[in-house]
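Undergrad: Taken from Swiss-Prot, the feature compositional bias 'Low complexity' covers 321-330. Summarising the annotation, Swiss-Prot assigns region 'Disordered' to 303-336. The annotation topological domain 'Extracellular' is assigned in Swiss-Prot to 1-7, 126-145, 201-212, 266-272 on the grounds of sequence analysis. Sequence annotations record features per position, and here Swiss-Prot assigns topological domain 'Cytoplasmic' to 29-55, 101-104, 167-179, 234-244, 294-336 based on sequence analysis. According to Swiss-Prot, the transmembrane segment annotation covers 8-28, 56-76, 80-100, 105-125, 146-166, 180-200, 213-233, 245-265, 273-293.
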Amino acid sequence: MEEMSPDNIHGVILAVSSSIFIGSSFIIKKKGLKKAGVSGARAGEGGYGYLYEPWWWAGMITMIVGEIANFAAYAFAPAILVTPLGALSIIFSAVLAHFILEEKLHMFGILGCVLCVVGSTTIVLHAPHEQGIESVKQVWHLATEPGFLAYSAVVLVVVLALIFYYEPRYGKTHMIVYVGICSLMGSLTVMSVKAVAIAIKLTFSGMNQFKYFHAWIFIIVVTICCILQINYLNKALDNFNTAVISPVYYVMFTTFTILASMIMFKDWASQSGLQIATELCGFVTILSGTFLLHKTKDMGNSTSLRGSTSHSPRDTPVFINSGSSRSSNSTRPAIL
């Protein structure tokens with residue numbers, strides 16, 4: 001295990017702070033979506049009534065604060081270090097959902113969260129140091145190499161297929177559609193965010209990077225990707241259980257982001273086989289935790305559902321493949 005550099009330490013502190021804010025924002029935003037769904041069309045049905053709900057905006061502000069901290073973290077540390085710390089937002093979100101939204105988290109779900117943290121910690125302790133980048137043009141060169149251009153093209157094709165073919169047909173019954181869109185676009189967002197963060201960092205150090213058009217192209221990419229992510233994340237939150245959206249979104253987002261970072265920044269080029277293997281083991285541990293959360297998803301809800309007839313069918317979590325559990329929603333008021 002290598003000693004962490006000062007930049008990596010700064011990145012970790014910012015990433016942890018970001019996870020706390022973002023984890024809270026999931027819960028606050030969902031409260032807003034619940035309130036908006038009572039009086040109008042739900043976000044999952046194409047409604048935008050949540051834009052008039054103060055709770056939703058409070059959640060957005062909380063998320064923005066978290067994203068700013070996350071944004072700053074990418075200026076100091078590699079994506080393979082910053083991104084896995086999103087596991088902390090899973091735990092914070094799941095615990096708050098248990099107490100505030102009454103989306104019950106079983107003891108095996110708690111174990112799944114612990115595994116996510118252990119895996120993330122393993123990755124952090126063996127993460128590579130940030131490579132020296134002295135200009136946004138250097139990042140642009142990395143982004144326009146054939147490998148990353150091919151990755152970006154594949155992402156765009158898959159996202160367009162999900163939006164125009166799969167989302168209208170399977171969006172409300174298969175969480176993977178919404179989460180897939182957010183995760184794939186998120187990997188491009190992170191690469192562009194890192195470029196912009198580096199440009200800002202270098203500009204504050206006296207080397208203005210915004211005189212180059214490359215920086216502005218990265219800003220445009222970030223804006224477009226963020227708008228898409230917010231829209232489809234709202235639909236996911238409105239249709240499915242928060243305690244499971246968070247870990248599944250985290251795993252998919254982290255997987256694609258690490259893959260994108262490997263291709264673009266070649267994070268593992270300077271590491272030994274043992275270090276890479278240890279990081280992969282950490283990631284497998286995270287996947288195991290998420291699998292455990294998914295497989296035990298109904299345990300925390302079955303008792304309360306049997307004991308009460310006042311719950312809406314929408315209180316029962318619906319996950320990646322759940323085509324038969326939404327049919328009753330069209331015959332009753334839209335209440336989360």
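Heads up, the Cβ atoms here are built off N, Cα and C, so glycines get one too.
Predicted, not measured: the structure shown is a model, and the values here were computed from it.
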Undergrad: Suppose you look only at the topological domain 'Cytoplasmic' (29-55); what would the mean pLDDT be?
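TA: Across the topological domain 'Cytoplasmic' (29-55), the average pLDDT comes out at 77.
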Undergrad: Which of 8-28, 56-76, 146-166, 180-200, 273-293 shares the most C-beta pairs under 8 angstroms with the transmembrane segment (105-125)?
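TA: Stretch with maximum Cβ contacts: 273-293.
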Undergrad: So if I exclude everything within five residues of the ends of the transmembrane segment (245-265), which remaining residues of that chain have a CB under 8 angstroms from its CBs? That is, six or more out.
TA: 23, 26, 78-80, 83-84, 86-87, 89-90, 93-94, 112-113, 116, 131, 142-143, 145, 147-148, 151, 155, 175-176, 179-180, 182-184, 186-188, 190-191, 194, 233, 236-237, 283, 286-287, 289-290, 293-294, 319-320
Undergrad: Considering only Cβ pairs under 8 Å, which range in 8-28, 146-166, 180-200 makes the most contacts with the transmembrane segment (80-100)?
TA: 8-28
Undergrad: Under a Cβ pair cut-off of under 8 Å, which of the recorded stretches 146-166, 180-200, 273-293 contacts the transmembrane segment (56-76) most often?
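TA: By Cβ pairs under 8 Å, 180-200 leads among 146-166, 180-200, 273-293.
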Undergrad: What counts of helix, strand and coil residues does DSSP assign across the topological domain 'Cytoplasmic' (167-179)?
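TA: Final tally across the stretch: 9 helix, 0 strand, 4 coil.
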Undergrad: Taking residues 6+ outside the transmembrane segment (146-166), which of them lie with a CB under 8 Å of any CB in it?
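TA: Beyond its ends, the transmembrane segment (146-166) has Cβ neighbours at 174, 177, 180-181, 184-185, 187-188, 191, 228, 256, 259-260, 263-264.
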Undergrad: Report, as numbers and ranges, every residue of the chain located at least six residues beyond the transmembrane segment (273-293) whose Cβ falls under 8 Å of a Cβ in that stretch; write 'none' if there are none.
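TA: Those are 2, 80, 84, 87, 94, 108-109, 111-116, 118-123, 126-128, 243-244, 247-248, 250-251, 254-255, 258, in sequence order.
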Undergrad: When secondary structure is assigned with DSSP, how many helix, strand and coil residues does the topological domain 'Cytoplasmic' (234-244) contain?
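TA: Taking each residue of the topological domain 'Cytoplasmic' (234-244) in turn, the totals are 9 helix, 0 strand, 2 coil.
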Undergrad: For the topological domain 'Extracellular' (201-212), give me same-chain residues lying six or more residues beyond its boundaries with a C-beta closer than 8 angstroms to one of its C-beta atoms, as numbers and ranges.
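TA: Distant Cβ neighbours of the topological domain 'Extracellular' (201-212) are 75-76, 134-137, 140.
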Undergrad: Using a Cβ-Cβ cut-off of under 8 Å, list the residues of the same chain that are 6+ residues beyond the ends of the topological domain 'Extracellular' (266-272) and lie near it.
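TA: Same-chain contacts beyond the ends: 78-80, 128-129, 131.
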Undergrad: Six or more residues out from either end of the topological domain 'Extracellular' (126-145), which same-chain residues have a Cβ under 8 Å from its Cβ atoms?
TA: 1-2, 5, 7-8, 11, 76-78, 80-81, 191, 194-195, 198-199, 202, 207, 209, 212, 214-215, 217-218, 264-265, 267-268, 270-271, 275, 278-279, 282
